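Asker: The structure's right below; bear with me while I get my questions together.
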DNA sequence: ATGGTGGCTTTGCCA
């Protein structure tokens, strides 16, 4: 089984790119974030017509929104209303074999890394705390679970273009990294991508639109992740980050991240 | 210290 997570930054602008993704990498399950469309307007018929027939989505107007397209059957799994905001940042399903798949879009957190000065940063930290508590109390480490998504945090020094220069930049501050690590250690999640691509290697999944030449300056961050619980660790077969997708015409600022399972 | 781009909606908000 090949699984992809991708922050598409508007699903309605990404029909061709999704078709190319399937043509070139043939994923069985596609998890998307930032679909930016209300449920009623989700472009179901125009999206990979005839393919990946098992689909679920949760979207709102303009912002946020998550979706899963799959060749394998999906059963719904209920989740909480994170931070009581009803803002469409989580979609959970059960795959055949009793595997739970959790697709997240963690709040970006605004520009100022200060809980008091910036409510968006407070929301991000609270969201991470709620995730940690919920997985600890409602979900157990011995379950087969996959957690994917745009977690909006680059935890390792090699997950950013400059560790020193990003220490005060939201996405790589010590408090965010500490909370993400706490979430990870809570259930003993394995970072499936770093399982194959050594932590000493630089690795990014996002490059800002604001760079004059994203490829030449290469000021990226690894914000998109795929984690698995211990019972699935032995099933991991490979991982890659599809950097070339950032060079496609009118791209998302994120690229797909892929993990293969036995 | 600043501003750079893109998507969606509205002329600003969010990333």
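From the backbone N, Cα and C atoms, a Cβ is placed for every residue, glycine too.
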Asker: Considering the Mg(2+) binding residues A:7, A:150, A:152, A:253, A:254 given in TrEMBL, which of A:34, A:100, A:185 is annotated for that site as well?
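Answerer: Mg(2+) site check in TrEMBL: besides A:7, A:150, A:152, A:253, A:254, the record includes A:34 out of A:34, A:100, A:185.
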Asker: List the Cα distance (Å, whole number) between residue A:7 (Mg(2+) binding site) and residue A:224 (site 'Important for catalytic activity').
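Answerer: Rounded to the nearest whole number, the Cα-Cα distance is 8 Å.
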Asker: Among the recorded positions A:34, A:150, A:224, A:253, which residue has its Cβ surrounded by the fewest other Cβ atoms within 10 Å?
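Answerer: Fewest other Cβ atoms within 10 Å, among the recorded positions A:34, A:150, A:224, A:253, is found for A:253.
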Asker: Quick one: Cα separation, residue A:34 (Mg(2+) binding site) versus residue A:105 (active site), in Å?
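Answerer: So the alpha carbons of residue A:34 (Mg(2+) binding site) and residue A:105 (active site) sit roughly 7 Å from each other.
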Asker: Mind giving me a neighbour count for residue A:254 (Mg(2+) binding site)? Other Cβ atoms within 10 Å of its Cβ, every protein chain shown.
Answerer: 23
Asker: When you average the Cβ positions of A:7, A:34, A:150, A:152, A:253, A:254 for the Mg(2+) site, which other residues in that chain have a Cβ within 8 Å of that mean position?
Answerer: A:9, A:33, A:105, A:206, A:223, A:224, A:252
